[in-house]
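**Student:** For reference, TrEMBL lists these features for the protein:
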TRANSMEM  34-56  transmembrane segment
TRANSMEM  76-96  transmembrane segment
TRANSMEM  108-135  transmembrane segment
TRANSMEM  155-174  transmembrane segment
TRANSMEM  181-201  transmembrane segment
TRANSMEM  221-241  transmembrane segment
Amino acid sequence: MTPPSPDFEKSFWKFNKLLRHFERAVTSWFTTPLVLLTVRTIFLTYSLITLALSIYVHDRRGRLHSYLTYFTNLGFLGLTAYFAMAVVHSLIFAIYREPKSFAIQPKVLTIAFWILYDAIVVYHILIPLVSWIILVPNYAEESSPHLRLLTFNQISMNGVDFFMMIVEVVLNRMPLVMSHLIFVLAILVFYLFETWISYAISQQFPYQFLDLREQVTGYHFGVIGVAIIGAFLIQKLIHVLRDTMGRRLWRKGLIQEMEAYRYQGNGNRPSVAAGELVDVVVRTPNGTEIGDIENARKQTKFAADAQEFFSLLLFETQLVEDDDNYRLTTEASISSQSK
């Protein structure tokens, strides 16, 4: 059997959406990379504290040996790992103004980072939902001296996790590809294998609805599968809405940039930048880089009418998300039609 061709990877898995555009993971449509880094750092700190307290409580209750058999714990561990990697990448981007960390690491690590993102944005819709409907009622009978910590962990790992996830989704520009639903389902299958192995060792299932001896177990598996597909589709819609709104705001900022140049007439850079992804840079059709929009107008001998220049500029900005035309250091390009 021949291995999948690069064209298959590009057309089906669409790995090139991130592998060729690392900046998606460390930039935002709505804020600056520094703000994104700050938010991620706060979330990482909170997640680490919650994770440490969760491990402590399990240890004090004599359940540390089964800690990794619970999907809630694994899901929160994955969320924490994602924020840890995201903070590192964002920090390096904030320092060097380019995603060097992605460029130097093996491609497989970038793909793994993306798949982890796919998983957390889906699972952290379902984990709080299942927990509050099925599992939380059991805490009413809990008389442990660690009840306060248990309550804190319950709220953090089955409530705050959703908040952190949805904020991350809105602020970043990570893509969500439909074919990656396969990875999300595969991770769940591997977890089911783990629970069966755990049962073979301890004769206990972490969750009663996973008990293979129950006649309704197959029904439960079907419901879980449908729920994951539904959550994935919801997230896909959120990502599409985020990117649609983001592009509109980005173009609106570019229009304001051009209008500011047009009416100020003093050569000063206006306060409204053409997006906050990278510095405003313009390239001519032959690839020559020009420092800013005003110099671009002068050096390319455009008419003084800013709207005429903008119409040529917009021709290329509509392609910024196209896999074959986007360049990290380019906010906008001068159309070849301007020759």
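Glycine is treated like the rest: Cβ placed from N, Cα and C.
Heads up, TrEMBL stuff is auto-annotated, nobody curated it.
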**Student:** Would you kindly list the residues that approach the transmembrane segment (181-201) from elsewhere in its chain, counting only those six or more residues past its ends and only Cβ-Cβ distances under 8 Å?
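**Tutor:** The answer is 66, 68-69, 71, 74, 115, 118-119, 122-123, 207, 210, 212, 221, 224-225, 228-229, 232.
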**Student:** Per the 3+ Cβ pairs under 8 Å rule, pairs at least 6 apart in sequence, do the transmembrane segment (76-96) and the transmembrane segment (221-241) touch?
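**Tutor:** No, the transmembrane segment (76-96) does not contact the transmembrane segment (221-241).
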**Student:** Select the range from 108-135, 155-174, 221-241 that forms the most Cβ-Cβ pairs under 8 Å with the transmembrane segment (34-56).
**Tutor:** 155-174
**Student:** With a Cβ cut-off under 8 Å, give me the same-chain residues at least six positions beyond the ends of the transmembrane segment (221-241) that come close to it.
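**Tutor:** Result: 121-123, 125-126, 129, 166, 169-170, 174-176, 178, 181, 184-185, 188, 192.
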